[in-house]
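In case it helps, TrEMBL gives these features for our protein:
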type     : residues  : note
DOMAIN   : B:72-262  : domain 'ABC transmembrane type-1'
TRANSMEM : B:12-33   : transmembrane segment
TRANSMEM : B:76-98   : transmembrane segment
TRANSMEM : B:110-131 : transmembrane segment
TRANSMEM : B:143-163 : transmembrane segment
TRANSMEM : B:184-209 : transmembrane segment
TRANSMEM : B:240-261 : transmembrane segment
Amino acid sequence: MRMKSLMLGACSVIAMAGFAQAETLTIATVNNGDMVRMQKLAGDFTEKNPDIDLQWVTLEENVLRQRVTTDIATKGGQYDIMTIGTYEVPIWAKQGWLLPLDKLVSDANYDVDDLLPPIRSGLTYEDKLYAAPFYGESSFTMYRKDLFEKAGLTMPDAPTWDFIADAARKLTDKGSEMYGICLRGKAGWGENMALLTAMSNSFGARWFDMDWKPQFDQPEWKETLEYYVNLMKDAGPPGASSNGFNENLALFQTGKCAMWIDATVAASFVSDPGESQVADKVGFALAPDKGLGKRGNWLWAWTLAIPAGSQKTEAAEKFINWATSKDYLKLVASKDGWLNVPPGTRTSLYENPEYLKVAPFAKMTLDSINSADPTKPTVKPVPYVGVQFVAIPEFQGLGTAVGQQFSAALAGQTTVDQALKNAQQLSEREMMKGGYIK
Amino acid sequence: MARAISTRRKLAFTAIGWLVGLVIFFPILWTVLTSFKTEGEAIASPPHFLFFDWTLQNYFEVQSRSNYFKHMWNSVVISFGSTFIGLAIAIPAAWAMAFSPTKRTKDIMMWMLSTKMLPSVGVLVPIYLLFRDWGLLDTRLGLVIVLTMINLPIIVWMLYTYFKEIPGEILEASRMDGASLAKEIIYVLTPMAVPGIASTLLLNIILAWNEAFWTLNLSAANAAPLSAFIASYSSPEGLFWAKLSAASTLAIAPILILGWFSQRQLVRGLTFGAVK
């Protein structure tokens, strides 16, 4: 009898604890299509976990970055889950700002080995996974099959920069607003510097040598920037120095660009007949190279991470498990079709025949991601992690300052030599201030 | 003859006035028009001015994704709350400086204004830490406090200039009649300064309504006003102009309507004392 009542008591205590645990997770995220979809589908998670409520804070990428950085640096504790990029993860993990996702890694159902290796390695610090990828992207070449055919050109699967330059000049007809190539020109570490840093990797350039000495005075950078400025002058749209992703997307969708090298996530936008006038005429190829063993493509992932000091770790980890699982991909497919599944995180997706059937760009996306290695991004060795960025806290400011120099060179306000000289000076000063060099 | 010229002149001035008005108003008009377009239509080049397929789809989408009324209520509480508290502090302060100035009054005025000269981001971290420790992060009370502080110098300055226009003799007369200090401010000064106070009130509500730095940085999910609502519709990857325009239109609509109804009050107040 006594035993029975004890058991009963224990049960009710457990039940009470269950009720008491009902908690609210605040999730900070960006306004990108896949994230908006996650928010819409989150009912599936709360149904399975009735003791957890979700509360969303959606912000524009740069606002979000500033917002969550302030919060995590001051341990403000406003968010239980943060959406951050591959740039932040290694820096914040090193600072001890993020919790390692050990439970996720040990969960057999989650199958952490299914994550694409380059993406996973970018989110790992000292052998621990600090963020789970929600979607990943690389960059590649998008081109107009019809225009190439008309001009008698054939785009190889793995083009070289020389081929791209030739083709772009041949396909340009400025009189009828037809431009051979559209590339980013708007200044910013995530804007033109994403393209130019990735591009410079394939030209054999690097930001810093093994002693953290800036390398803008080296011939490889000069070659990169001269190639870019000359090509854009001959075959690019007017005002290219203010074009970012969205501007180029608009140009390409309205049929004004023959080629566009940008994020793989653009593939679904340019192939969408509702948005794009050239939806059925787009072909895909890898980002170009120079025969040096590195391609000019970047690697990025939007990830979910838990800030250190969060009080709701267990619930947060449950949510991350749900949002980045294989089952989530299936859930999206069942509601919105396989084409809308968040790409670039799991090997199994690229082995799924149903996905391969609807996504003609799947193979190119996978090949692009796999050919980028954030730990060995360049031809010559470097002391940093990151393909189109350098994962040090100083890079946001420095990358944007250098980006302004290169954007000015593109606009013709300064010469290539002067822009590189300024970039070198800016970097030396910043690295000295940061104590990397003396 | 003279009459004819003046009519022609009037016409010309009216036309110029309308033109300038239209140019100033155009961005808002364009935002409203874009909010009724599809995303593809919104980036069409050359753009279509009026002849496109009008759609309400963006408004439905914005409403289905976020709770507009919650954000709007936050905006109302924060902007009205901070303005009323600010006025309650500023009216006595401006009274003191306008009617019984000392030799330090000018310096105090300058010192108050100097707090506006520091870029906000410079004090973000200290304020964030204070708010964290006091549990004010993501609360409407916290935002009311910070916006009161920010707009207080402007309120004091505006009221000071209006109060200066009021002859001190009238206040003296009321004192002679035995009015206490409180009665003097409430029954004599305030009614005379109504146009000035009203325009200060309106201007500060608008400033607080549009404030985007502190409201974004100190709020998360609960206290987020309309500035956060707008910021959630901009995206670096993908088309968003139409949805962003719909969100912006919804965000400026209440304050635009308020401004419309009170524009006479506003103009009278802002030009009060400007023309002698």
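Don't overthink the numbers, they just go from 1 along the chain as shown.
Cβ coordinates are placed from backbone N, Cα and C, and glycine is handled just like the others.
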List, by number or range, the same-chain residues at least 6 past the transmembrane segment (B:143-163) whose CB is under 8 A from its CB atoms?
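Cβ under 8 Å, 6 or more out: 74, 77-79, 81-83, 85-87, 89-91, 93-95, 97-99, 109, 112-113, 115-116, 120, 127, 136, 189, 193, 195-197, 199-200, 203-204, 207-208, 211, 214-215, 218-219, 223, 225, 269, 272-273.
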Any contact between the transmembrane segment (B:184-209) and the transmembrane segment (B:12-33)? By contact I mean 3+ C-beta pairs closer than 8 Å, pairs at least 6 apart along the chain.
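Touching, no - the transmembrane segment (B:184-209) and the transmembrane segment (B:12-33) miss the threshold of 3 or more Cβ pairs under 8 Å.
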Which residues of the same chain, at least 6 past either end of the transmembrane segment (B:110-131), have a Cβ under 8 Å from a Cβ in it?
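Cβ under 8 Å, 6 or more out: 137, 142, 146, 150, 152-154, 156-157, 213-214, 217-218.
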The transmembrane segment (B:76-98): which same-chain residues, six or more beyond its ends, come within Cβ distance under 8 Å?
105, 108-109, 140, 143-145, 147-148, 151-152, 155-156, 159-160, 162-164, 166, 185, 189-190, 197, 200-201, 204-206, 208-209, 215, 223, 225, 254
When you scan the chain for residues with a C-beta under 8 Å from the transmembrane segment (B:240-261), skipping those not six or more beyond its ends, what do you find?
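Cβ under 8 Å, 6 or more out: 28, 31-32, 34-35, 37-39, 41-43, 58-59, 61-62, 68, 71-72, 75-76, 202, 205-206, 209-210, 226-227, 229-230, 232-234.
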Can you name the far-off residues of the same chain, 6+ from the ends of the transmembrane segment (B:12-33), with a Cβ under 8 Å from a Cβ of it?
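That would be 49-50, 245, 248-249, 252, 256.
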